Amino acid sequence: MAKSVNATGFITYMVIFLILTGISRVKAKKPPCLEGRTAYVSPGPCSNSLCTQDCRPAGYHTGKCKVEWSTPICKCYGCRKV
């Protein structure tokens, strides 16, 4: 009797593990995209919000502005939709 209880418990835990693993794999699927970044010289003032507004139409998630060698550079980051 003890062997059947242990076997039933093991099978139950194994089934639960496989179900949870399958659910996590389904949730992990993301739409196709290209991870990466691009950079361009910002024509206006250096502002992260303006960079984000410029990057969104190109499909990137966010933008950050940095001043490099006295030139405002806007860098787009995130997942670009394919």
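Yeah, the Cβs are placed from backbone N, Cα and C, and that goes for glycine too.
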Per Swiss-Prot, cysteine bonded by disulfide to Cys46 (from Cys33, Cys55, Cys65): Cys65
Cross-link partner of Cys55 (disulfide, per Swiss-Prot) out of Cys74, Cys76: Cys76
Cys51 - recorded disulfide partner, Swiss-Prot, among Cys33, Cys74: Cys74
Coarse DSSP state, helix versus strand versus coil, of Cys65 (disulfide bond): strand
Cys46, Cys65, Cys74 filtered to the disulfide-bonded residues whose C-alpha is within 10 Å of Cys55 (disulfide bond): Cys74
